[in-house]
Every structure is written in structure tokens, then in C-alpha cells.
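As recorded in Swiss-Prot, the features of this protein are as follows:
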BINDING   Asp11, His18, Asp52, Gln94  Mg(2+) 1 binding site
ACT_SITE  Asp11  active site, proton acceptor
BINDING   His18, Lys132, Arg265, Asp286  dihydroxyacetone phosphate binding site
BINDING   His18, Tyr90, Gly103, Asn104, Lys132, Gln241, Ser242, Arg265, Asp286, Tyr347  beta-D-fructose 1,6-bisphosphate binding site
BINDING   Asp52, Asp53, Asp131, Asp233  Mg(2+) 2 binding site
ACT_SITE  Tyr228  active site, proton donor/acceptor
BINDING   Lys231, Asp232, Asp233  Mg(2+) 3 binding site
ACT_SITE  Lys231  active site, schiff-base intermediate with DHAP
BINDING   Asp232  Mg(2+) 4 binding site
Amino acid sequence: MKTTISVIKADVGSVAGHAVAHEALKKKCDEILAEARDTGILEDYYITNCGDDIDLIMTHRNGEENEEVHQTAWNAFREATEVARGLKLYGAGQDLLSDTFSGNIKGMGPGCAEMEFKERPSDPVIIFCCDKTEPGAFNLPLFRMFADPFNTAGLVIDPTLHNGYEFEVFDVVEHKKVTMACPDEMYDLLALLGSISRYVIKKIHRRDDGEIAASVSTERLNLMAGKYIGKDDPVAIVRAQSGFPAAGEVVEPFAFPHLVGGWMRGSHNGPLMPVAQRDATPVRFDGPPRVIGLGFQIADCKLVGPIDMFDDPSFDRSRQLASEIAEYMRRHGPFEPHRLPSDEMEYTSLPGVLEKLGDRFEDMD
């Protein structure tokens, strides 16, 4: 019997702006998920938050895109929204784009990453949760995990990794997808993945047998809503060890705080800072963007753990570097490259400014 992991997240309210989800919201989610576990919909669950996003980590036997599981997550977020409204929290229910559930949570606002697999004798899984950034934030670290031998030594020396992986890439603008193999199509793959606001990794499979290796939430809130709602704040599930990169190879890419889109009002580039869960409270200019990593063992569809993967002094220098990069980027104020390019400002005030100035623009000599 196969095990399914579903990680579904949403921002349904925060204390003092966009800093952190209130504990009362997580408690309400816990009540809903506990009932689902007791009735057999879920086998196990763990609730955490990265900044103002609540992340529901659930295991079950129902496969991906299961209506009952998605309904459970939706109910949890709806109930938490009511609590948020009672506390007058900021952005109560902001990620929920509909009032009624329609059978699948996709397209309704919350982000969702899922994978189904037959458990190995030992099955380590790492769940990554971000705040103040977009799904493309995972492009670079996932590429390094599964295609860069300078990061993942196993690609060179481990026979079970040596034949590489297949990357399923979504074009979130045109709503198309393509699957590309590494190392054969590495350069073509990088040509896409470098455009992190448009091309995003959805899933990664092992080439030898098609076994699932990683899954990412790819929902783009603003594209769904047609206006600025908030940043997408993606989540990812990554399997480790025994045919996949070692746990240390999985977290290693985050030692480099690469630049991602998001931060203040979802309109600025900044470094992705790897932090312990307790430090996932983005405050400076609503950031800089954060990522947490929780490591579990999957045992008969139960979650063993977690271990806080970035609660490690060896990442202290990465955090220091991220702070230095944040300081440098902030000094640019409203100028690029700190502010996103104009084609990424569609849901801000920029279109209105251009419309207001339309009659004042003249042809140049």
C-alpha cells in the first residue's frame, strides 16, 4: 500500500502585519486535522508555520488530489479564518480566493505539494516551507540537489543517482508543462529555470525507474486572483538517501542565500535566508524571505520527527551573508534590481501611474 504526503499551506491572518501566524489559528487547524485523523481520512499530520503561512503536513492512503484530504485542509483554513477575524488579525483569510470548496484546493488560493510512493525500508523526507517569496525560489536549490555534482557528490559516485533525474517544469504564465532530463538536457533546462517568475519546477523523478523524488507547490496567487493578494510562499517535499541525494546534500544548496522575488509587497528581490522554525518571523521590510526545513522519517504512513534542519550553527554564516545582502539591496530603495522589473509589477500601482501619465507622454525627436 502506498503512502501519500500532502503539504498544503495558506496565509489566513497574522499578528502585527505579515510577521507570524497566531497560535490560535494553528490550534483551530489542529482540531480539524485531529478529527480527520480520527475518522480515517488522515493517518498522521504535523502543523507548523513559516512567517504568516500555516503549513499543514499530512500523511494518508488516499493518493494525490484526494477530495476528502483537500476538503479537510480547506475546512481548517476556513475555520482558522473565522478565528483570525475575531482577533482582527491582519490579512484574515487573504489566501482563500473562494467562499466554497469545489472538490480540489488547486486554483482556490492555498499552495499544495503532494507525492505518493511505496515506502522504502527507511524513508527520510524533508519538508521545506518559504515565506515572502514565489515558487521559482526552489528552482536553483532543487537543480543543485538533483543535477549539480558540485553540490551532490552522489551524482558522481553513487550508482543509484548516476543516471540522473527528470524535471517536470511548469510555465505558470501559459499554463503548459515540459519534462526534461538531466544531465542530457541540462543547458536547455537551465535556460528555463533561470526565469524564476515564469518557469518553475513542479516535480522531479528518478530516471532509472520514474520514482518520485521531489514535489513543489506552483500556485501563483496574483495570476489566479488578477490582483495583488500576497506572495505565493511555496512549499516543497524532498525525499533523501538511498537512491536520492543524502539529507546533507538536500540542505546544502540553501547555504547560499540566493536572490528571489518577493519580500515587501511581493515586489522586491532579496536573499532567501535559511532559518530555524522559531526564527521564521520576517520583520525587516517584511523579510528578508525565509525558508525552513523540517526532516521526518516516514514509517507506515506516520510522521517520525521532525528535526529542524536549519537549526544548525553551520548555517550561521549563510544567515549573516543573507543579512549583508539584504542591507545592500535595501539601499537601492525603489530602483531595480531591488524592485522587481516592470513586467513583474502588473498588480501594483505601476499600471495606474502609467495610465495617469498617458496623455503626457510625447514622441521623442
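Cβ atoms are placed via backbone N, Cα and C, with glycine included.
Sequence features, as recorded in Swiss-Prot, placed on the structure.
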residue: His18; record: Mg(2+) 1 binding site; Cβ neighbours (10 Å): 24
residue: Asp52; record: Mg(2+) 1 binding site; Cβ neighbours (10 Å): 32
residue: Gln94; record: Mg(2+) 1 binding site; Cβ neighbours (10 Å): 21
residue: Gly103; record: beta-D-fructose 1,6-bisphosphate binding site; Cβ neighbours (10 Å): 10
residue: Asp131; record: Mg(2+) 2 binding site; Cβ neighbours (10 Å): 31
residue: Asp232; record: Mg(2+) 3 binding site; Cβ neighbours (10 Å): 32
residue: Asp233; record: Mg(2+) 2 binding site; Cβ neighbours (10 Å): 30
residue: Ser242; record: beta-D-fructose 1,6-bisphosphate binding site; Cβ neighbours (10 Å): 13
residue: Arg265; record: dihydroxyacetone phosphate binding site; Cβ neighbours (10 Å): 19
residue: Asp286; record: dihydroxyacetone phosphate binding site; Cβ neighbours (10 Å): 22
Of the binding-site residues listed here (His18, Gly103, Arg265), which is spatially closest to Asp131 (Mg(2+) 2 binding site) when Cα positions are compared?
His18
Taking the Cβ of Lys132 (dihydroxyacetone phosphate binding site) as the centre, how many other Cβ atoms fall within a 10 Å radius?
33
Listed binding-site residues are His18, Asp52, Gln94, Lys132, Arg265, Asp286; which of them have CA atoms within 10 A of the CA of Asp232 (Mg(2+) 3 binding site)?
Lys132
Given the binding-site residues Lys132, Asp233, Arg265, Asp286, which one's Cα is the least distant from that of Ser242 (beta-D-fructose 1,6-bisphosphate binding site)?
Asp233
Quick one: pull the CA-CA distance for Asp52 (Mg(2+) 1 binding site) versus Asp286 (dihydroxyacetone phosphate binding site), whole Å only.
11
What subset of the binding-site residues His18, Gly103, Asp233 lies within 10 angstroms of Asp286 (dihydroxyacetone phosphate binding site), using C-alpha positions?
His18
Among all the protein chains here, how many other CB atoms are within 10 A of the CB of Asp53 (Mg(2+) 2 binding site)?
30
Could you tell me the C-alpha distance between Asp53 (Mg(2+) 2 binding site) and Gln94 (Mg(2+) 1 binding site) in angstrom, no decimals?
11
Taking only C-alpha atoms and a 10 A limit, tell me which of Gly103, Lys132, Asp233 are near His18 (Mg(2+) 1 binding site). These are the binding-site residues.
Lys132
About how far apart, in whole Å, are the alpha carbons (Cα) of Asp11 (Mg(2+) 1 binding site) and Lys132 (dihydroxyacetone phosphate binding site)?
11
How many Å separate the two farthest-apart Cα atoms among the dihydroxyacetone phosphate-binding residues His18, Lys132, Arg265, Asp286?
10
Using Cα coordinates, what distance in whole Å links Gly103 (beta-D-fructose 1,6-bisphosphate binding site) and Lys132 (dihydroxyacetone phosphate binding site)?
28
Asp11 (Mg(2+) 1 binding site): tally of other CB atoms within 10 A of its CB:
32
